[in-house]
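Novice: Straight out of TrEMBL:
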type	residues	note
TRANSMEM	28-48	transmembrane segment
DOMAIN	40-285	domain 'G-protein coupled receptors family 1 profile'
TRANSMEM	60-86	transmembrane segment
TRANSMEM	98-128	transmembrane segment
TRANSMEM	140-162	transmembrane segment
TRANSMEM	195-217	transmembrane segment
TRANSMEM	229-247	transmembrane segment
TRANSMEM	267-287	transmembrane segment
């Protein structure tokens with residue numbers, strides 16, 4: 001089997017040989033983690049849809065958008081991880097489509113975190129204007145803006161790819177990795193500029209909101225302190241997201257530090273970079289938020305019971321079943 005266990009940037013594909021037993025074990029671990037996290041996220045989405053107190057709240061709308069985005073990203077990266085073991089090479093056009101979804105969702109994450117931080121800031125520091133500023137309509141408009149901004153950043157790569165690559169490339173089979181699809185030097189230059197602007201903007205937003213909420217939290221109630229802790233968790237999520245952008249640099253360091261164990265170290269880094277951030281989102285609101293938690297536990301543990309009694313129990317004693 002021509003397989004391996006290292007990720008490449010946002011795709012999760014692998015590109016160097018691994019022992020068969022190790023390959024099977026790693027794929028089983030990745031699939032088990034992916035199914036578990038997507039099950040939890042699915043329970044979060046189901047809880048959100050079933051309770052109006054949640055789906056009319058801008059804070060939870062933004063959170064569920066982050067959860068859906070995480071599910072798409074997790075499914076995409078795990079699919080590429082498994083496909084790279086099974087087929088190694090896939091159609092270039094299909095690879096381009098999958099990578100685009102991975103890049104889209106990767107760019108969406110820091111933007112969504114920044115918007116959620118601003119919502120916390122408004123709720124704590126401008127409580128009288130929260131209902132006016134954070135409406136459902138504006139929330140969905142912001143979500144659309146997040147996807148539009150990611151599209152403006154990503155689609156030029158597709159246009160450059162279509163313009164510079166020969167036609168036969170689109171029908172060829174390639175190892176599905178972002179650098180194998182977007183090979184033009186312009187891609188790397190554009191990526192560095194765009195990602196730097198993205199991350200600086202998001203970090204400044206988180207820093208500003210944290211300082212303002214921290215100031216408001218002094219001597220305030222528990223809600224302000226909870227919002228401050230939430231911003232810290234957003235910062236930790238963003239820190240993990242940054243690892244995706246600097247992975248190529250980190251990869252060279254890993255090869256230098258662990259030349260004999262790079263296969264296994266790379267697999268651990270795949271879990272840290274791609275899996276762990278997807279697991280944090282349910283913790284931020286799904287488990288920490290009291291309102292969400294009291295509804296979520298019913299669906300997560302499959303303990304929802306119908307309010308209608310069984311028909312056989314409602315029948316009078318001695319009745320004959322028709």
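For all residues, glycine too, the Cβ spot is worked out from N, Cα and C.
Are these features on the surface or tucked inside, and what touches them?
Specialist: Here the domain 'G-protein coupled receptors family 1 profile' (40-285) has a mean pLDDT of 83 out of 100.
Residues 10-12, 58-59, 62-63, 65-66, 69-70, 72-73, 76-77, 79-80, 134, 142-143, 146-147, 149-151, 153-154, 157-158, 176, 178, 181, 198-199, 201-202, 205-206, 208-210, 212-213, 216-217, 220, 223-224, 227, 230-231, 234, 237-238, 241, 244, 277 of the same chain lie 6+ residues outside the transmembrane segment (98-128) yet bring a C-beta within less than 8 angstroms of a C-beta in it.
Long-range contacts of the transmembrane segment (140-162) within its own chain (CB-CB distance under 8 A, at least 6 residues past either end) are made by residues 61-62, 65, 96, 100, 103-104, 107-108, 111-112, 115, 181-182, 184, 186-187, 190, 194, 198.
Sequence-distant contacts of the transmembrane segment (267-287), counting only residues of its own chain at least 6 positions beyond either end whose CB sits under 8 Å from a CB of the stretch, comprise 5-7, 12, 26, 30, 33-34, 37, 40-41, 44, 59-60, 63, 66-67, 70-71, 73-74, 77-78, 81, 109, 230, 233-234, 236-237, 240-241, 243-244, 247, 250, 254, 293, 296.
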Novice: Please tell me whether the transmembrane segment (195-217) and the transmembrane segment (229-247) touch - that is, whether there are at least 3 C-beta pairs under 8 Å between them, with each pair 6 or more apart in sequence.
Specialist: yes
